Amino acid sequence: MLGSHGFMKTHKWRDSIGASINVEASGTAGPDLVCQSGPGSWPSEVYAESAVYPMAHSAAQDIFPVIPGDTDYRIFSQDHGNIPSLDIIFLLGGYYYHTSYDTLDKLLPGSLQARGDNLLSILKAFTNSSKLQSARERESKAVTNDYKDERAVFFDYLSWFLIFYSRRVAVVLHSIPIVIFFVMPFLLHFWDPRSRSCFAIFYDFVKGMLFHAAGIILAIIFPIILSILQLFFSNYALIWFAHPYLAFLMFIPCSLVGLLIPRTVWDCFPLSQDVSVIKKSEEALAEEARFWGAFGFYACLTSAYLVAGLSGGFLTFAVSASMLPAWIFFSLSIKSSDHQSLRSAVFYVIPLIPCLAYSVYFGGFLTQFLIEKMGMMGAVPPPYGYYVPDVVVAATVGVVTGWCVGPLIPVCSHWLARFSILQLLSHVSVLALALSSQFFPYSNAAPKRVVFQHTLVTTDVNRIVDSSYEFSVVDSNSLLFLFKYAPEVAKELHIGQELSFETANMSHRETWMGIFPVSLMFSQSLKFPARSDGILKRYRYFPHLSNYKPHNVSSDKSRRIYLEFYLGDLKEVWVAVLNITGPLSSWSFADNMLPAPETVDGGPPSYILRLSGNSQRNWTFWLEVKFCS
């Protein structure tokens with residue numbers, strides 16, 4: 001990002017760029033995912049028309065801002081360029097990301113070929129597009145409507161083809177399900193006005209929706225409870241990290257139990273419609289209420305996405321849109337067979353197969369990605385931090401299970417919500433829970449990440465005040481876990497069996513400022529003494545900060561201090577993080593614009609800047625503080 005920032009601030013080509021494609025990797029394997037597109041809908045539209053192996057989800061744009069990471073896409077498309085851009089990322093194989101295991105042999109065969117085919121086709125499409133404009137042309141036209149359409153909806157279907165439509169189309173399309181849900185009681189009343197009240201019909205629909213919502217909630221809660229129980233009986237967290245199938249084996253069966261439980265108590269809550277005066281059986285009315293209730297649940301979620309201005313509404317819209325032909329097929333089949341026959345259930349399922357296939361594809365991809373990333377998502381402080389990754393994965397599996405199986409529940413729950421099936425699912429979860437204790441969280445293919453830093457505190461240009469090793473981890477299995485299962489590390493650091501966080505020297509977060517903001521992901525870091533003899537032999541002079549001319553005070557009572565940074569024997573600095581603590585009013589960096597300040601444990605504000613460069617000459621800068629009377 002330093003390079004992209006420098007390019008956009010200084011390079012002569014910066015105003016001639018018509019579009020940018022940022023190629024990233026968050027793992028070692030494809031397929032590529034377009035996770036960000038903008039400003040406007042034009043970049044994603046070009047991708048939809050030209051990608052050979054399309055994989056893109058506009059829902060990723062809703063999630064990306066909360067992920068603790070960033071890409072060059074932000075520099076080009078938002079901060080310094082307003083350039084129409086695509087952000088394309090390898091997502092799978094994240095076990096090796098940013099480790100010494102991230103080698104060429106880990107690339108899946110065909111991944112780079114697919115990326116090359118996509119990029120060549122997309123580049124040609126961008127080049128030949130009539131909407132390709134330089135920075136001056138974009139400004140002179142005051143940004144066309146195409147660039148203003150910020151929230152286009154796009155998603156691929158099994159990487160076969162990409163579906164794309166604008167925000168304006170989405171407003172109309174995604175509003176249809178909720179309209180159908182509210183209109184349907186009046187239509188049913190119109191077809192049978194003497195015996196059916198539209199208010200009673202709507203009340204039953206709401207009942208069906210609440211039952212379906214309860215099933216989805218229980219499908220999430222049951223895996224969470226199981227994950228917490230597993231941590232009570234296990235010596236470590238992330239038991240599924242190196243064995244993702246364990247997460248599916250443990251959490252899917254109990255999630256299905258939660259999803260089906262509301263069906264078992266349905267009969268305890270009578271319908272509002274009077275069966276004695278309606279020419280339909282009670283079972284037929286119950287199925288109707290359950291179906292339209294589930295349909296209304298997905299319609300409401302689609303509308304919520306729309307109102308929030310998010311782009312992920314296509315996920316629930318696809319479910320509700322697929323349920324309508326399924327219900328039509330089911331209604332036609334029951335004219336010649338029983339409501340609870342296998343034939344009618346099959347007729348209901350067949351139209352749902354394309355939607356279910358997509359749900360399994362997307363949900364499985366999302367879960368696998370999340371499992372791989374749990375090994376580097378940060379160590380939340382205890383005691384609750386120990387449970388966070390397992391709870392997150394369990395909840396995600398529950399959401400995916402509810403999304404994949406939920407549309408089947410209104411009709412197929414008669415077959416699934418039987419005591420014998422619920423008992424079998426419960427036994428499978430318990431068996432998987434018992435088996436999981438025999439597995440270790442990590443392996444050669446899925447290693448544990450440990451952050452190691454040699455910290456030197458210097459004064460003047462050639463004196464070392466303190467030398468130490470700093471250790472930290474970025475998942476919920478703490479350093480005590482590391483020293484227990486990697487005794488050679490403990491031996492090298494002269495650590496005994498009695499080590500605990502209460503007696504050990506803790507490493508403060510400020511020590512890790514050199515890798516800010518990654519340092520925010522650490523907790524319970526430890527510090528151990530280290531020798532400095534080798535450093536003194538290698539470097540005669542250390543980096544040093546000093547005044548290069550007297551400070552001055554202006555008429556508005558602001559004091560400006562002039563500083564010079566001497567790099568010593570360092571030939572270059574890849575990343576230098578300047579952390580200035582105090583109430584700054586201005587500085588000489590970043591066009592004199594201060595960033596939002598950071599605070600550590602309620603302390604004073606800190607302004608953080610990342611620099612890089614060589615030692616051909618010293619770095620000079622000024623800081624300004626304004627004193628209030």
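The backbone N, Cα and C atoms fix where each Cβ goes, and this holds for glycine too.
What TrEMBL says about a protein is an automatic prediction, not a curated fact.
Across the residues of the domain 'Peptidase M28' (1-121), the predicted structure has a mean pLDDT of 87. For 1-121, the entry in TrEMBL reads domain 'Peptidase M28'.
Residues or ranges marked as domain 'Endoplasmic reticulum metallopeptidase 1-like C-terminal' in TrEMBL: 446-626.
Annotation source TrEMBL lists transmembrane segment at 169-188 (among others).
Feature annotation from TrEMBL assigns transmembrane segment to 209-233 (among others). Remote same-chain partners of the transmembrane segment (209-233), defined as residues 6 or more beyond its termini with a Cβ less than 8 Å from a stretch Cβ, comprise 239, 250-251, 254-263, 266, 290, 292-294, 296-297, 300, 386-387, 390-391, 393-395, 397-399, 401-402, 406, 409-410, 429, 433, 436-437.
The annotation transmembrane segment is assigned in TrEMBL to 239-261 (among others).
According to TrEMBL, the feature transmembrane segment maps to 314-334 (among others). Remote same-chain partners of the transmembrane segment (314-334), defined as residues 6 or more beyond its termini with a Cβ less than 8 Å from a stretch Cβ, comprise 58-59, 153, 155, 163, 170, 173-174, 177, 180, 284, 291, 294-295, 298-299, 301-302, 305, 343-344, 347-352, 354-355, 358-359, 362, 403, 406-407, 411.
Annotation source TrEMBL lists transmembrane segment at 346-371 (among others). When Cβ-Cβ distances below 8 Å are used as the criterion, the transmembrane segment (346-371) is approached by residues 57, 91-92, 94, 157-158, 240-241, 244, 247-248, 315, 318-319, 321-323, 325-330, 332-333, 392-393, 396-397, 400-401, 403-404, 407-408, 411-412 of the same chain, each at least six residues removed from its ends.
Residues or ranges marked as transmembrane segment in TrEMBL: 391-409 (among others).
Outside the transmembrane segment (421-440), and at least 6 residues removed from its termini, the chain residues within Cβ reach (under 8 Å) are 226, 229-230, 233-234, 236, 239-240, 242-243, 246, 249-251, 253-254, 256-257, 260-261, 264. Positions annotated as transmembrane segment by TrEMBL: 421-440 (among others).
Residues 215-223, 225-227, 230, 367-368, 371, 374-375, 390, 393-394, 397-398, 401-402, 405-406, 409, 413, 416-417, 421-422, 425-426, 428-429, 432-433, 435-437, 439-443, 445-446, 475 of the same chain lie 6+ residues outside the transmembrane segment (239-261) yet bring a C-beta within less than 8 angstroms of a C-beta in it. With helix defined as DSSP H, G or I and strand as E or B, the domain 'Peptidase M28' (1-121) counts 53 helix, 26 strand, 42 coil.
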